[in-house]
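See structure below.
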Amino acid sequence: MDVPKDQFSTLLDHGLYSSAQILGCFAVSSTSINPETSPHLKAESLVLFGDSLFREREYRRAIQIYKQALQYHKILPKQSAATPPTTRSSLSASNRSSSPNSFNTSAINENEVKFKIATCHSSIGENRAALAEMEGIPSKSRNLEMNLMMAKLYRNSRHTRAAVGSLAELGVSAKDILSLFPQTPNRSGRPPFDHFDSSRWLQIFLGTVIIILSLLATRRYVEAQCWLLHCYRGGLELFSELLQRFPNNIHIVLEMAKVKAIIGKNDEAILDFEKVRSIDPYVVTYMDEYAMLLKLKSDHSKLNKLVHDLLNIDPTKPEVFVALSVLWEKKDERGALSYAEKSIRIDERHVAGYIMKGNLFLSMNRPEAAVIAYRGAQELRPDLRSYQGLVRSYLALSKIKEALYAAREAMKAMPQSAKALKLVGDVHASSTSGREKAKKFYESALRLEPGFLGAALALAELHVMEGRNGDAVSLLERYLKDWADDSLHVKLAQVFAATNMLQDALSHYQAALRMNPQNESAKKGLERLEKQMKGVDPDAPEEDEDNEVDDGDGDQEEAELL
């Protein structure tokens, strides 16, 4: 799909930078633009995409996009590249063409793009890199704004003489220089709305809205399915269809990664996040979700590198502080908590910050505070992880009815979620009278999603609690044939240890640690096993059988949901 340049520019001119950025993702990844036959289209769409990133202060990403545009620009014939510079930078609105057809015929101005790259470098304090870009622009091709940038960079580099020379090249007095600047900009650098014909603005804006909706209708539908109806599988299928039309579209891949992380397809989500970073290593969006996944996989080397990269890209984003919180969780819980709280202060609607805060409060044995944090996340967006956190918090407080209510709410909101079904089973499994119900919910979760290891592990644990060790072993070994997962080895080792088959337990603990040397459950289990093998009876975990649930009113409701 070709995107008219003036529609793209209208989004930028009126501050709709995030919309322009999404539109840019579609424009640069569209299969309708062949970079070999139409390099000018590819170059210009990249420049416009870079402009949207620049406006959102994603300067490092913008630099990479602008450089890609210059690479496609080099493919153009010499005559199309020799466009004289304008008196104003194309970073300003007045330099953009208002003709939709110009998007298909004009080539970018190489000097203007270099100026944009220099501006990005300057914005993040990289004056030397900015100066190198500016010096690559021939002196005769520099306009007023470029010369002023040169003077500023020379001054910052303490090259006073060079700064004076840059100003002298203009050949005008200071008063004349000032008179060349726009006289009526507001803080955003755009002309006041009063000077813009309202009817014309409305026409352009409505036209832009139609284009955005046509591009993003499927995305809107997918989001509605994911967050309201929670049809995750259908959502991912629609995303996959979009990805075929717009290969390597970062926005689509990120959305897919986010959904996969929420529904527990952690390995696939990690692959998607890694794909995004391979396409654009300066993306910050949703990277805190990626950090949480890396922590779950105990991949500390990648987590360390991710946090290091994010700090170098933009240390002011809330995603960066959530990632820092994830990194510091085991080293310094209080420090990690302060990072999570900082992410919320930066953006009070950042859901991952609240979830991470709740997780930390739980690990610090502060379930009351965890409930408040998870509720804060739910007020912004119902999320399975906040439901899970609430259930764990209420169980820690021995508030079984509240835990059951939260689990049932998750099941109502996500009727097609195996994780929600398991959550209800977890509450029932917390008391001896509810174990039969728990078994039904775990089995329903596995029928809905046969590969859901969490439900398989929970069902195996239930078999052990009921004395059906043979059933637990059979179930786990069946799953182990298809899923080589360290958690399965740990659970098998625990079952064998409980039945005094110590050598089998030892081999599975060792297998788990070979797969994941950082698996804490395997480490602790191995320590217990060593005591058993020495003839020492380790303390068994205490079971709370006094807090049973008698909730007849909910039985009929659960039966209907099942």
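Every residue number used here counts from 1 along the chain in the order it is shown.
Each residue, glycine too, has its Cβ placed from N, Cα and C.
Quantities reported herein were computed from a predicted structural model and do not represent experimental measurements.
Some features that TrEMBL has for this protein:
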- 89-105: compositional bias 'Low complexity' (COMPBIAS)
- 521-537: compositional bias 'Basic and acidic residues' (COMPBIAS)
- 539-562: compositional bias 'Acidic residues' (COMPBIAS)
- 77-105: region 'Disordered' (REGION)
- 517-562: region 'Disordered' (REGION)
- 43-76: repeat 'TPR' (REPEAT)
- 486-519: repeat 'TPR' (REPEAT)
Intrachain residues whose Cβ lies under 8 Å of the repeat 'TPR' (486-519), provided they are six or more past its termini: 297-298, 300, 453, 456-457, 460-461, 464, 469, 472-473, 476-477, 479-480, 525-526, 528-529, 532-533
Structural state census, the repeat 'TPR' (486-519) (DSSP three-state): 27 helix, 0 strand, 7 coil
Secondary structure tally of the repeat 'TPR' (43-76) (DSSP, helix then strand then coil): 28 helix, 0 strand, 6 coil
Residues of the compositional bias 'Basic and acidic residues' (521-537) by DSSP state, where helix covers H, G and I: 13 helix, 0 strand, 4 coil
Overall pLDDT for the repeat 'TPR' (43-76), taken as the rounded mean: 88
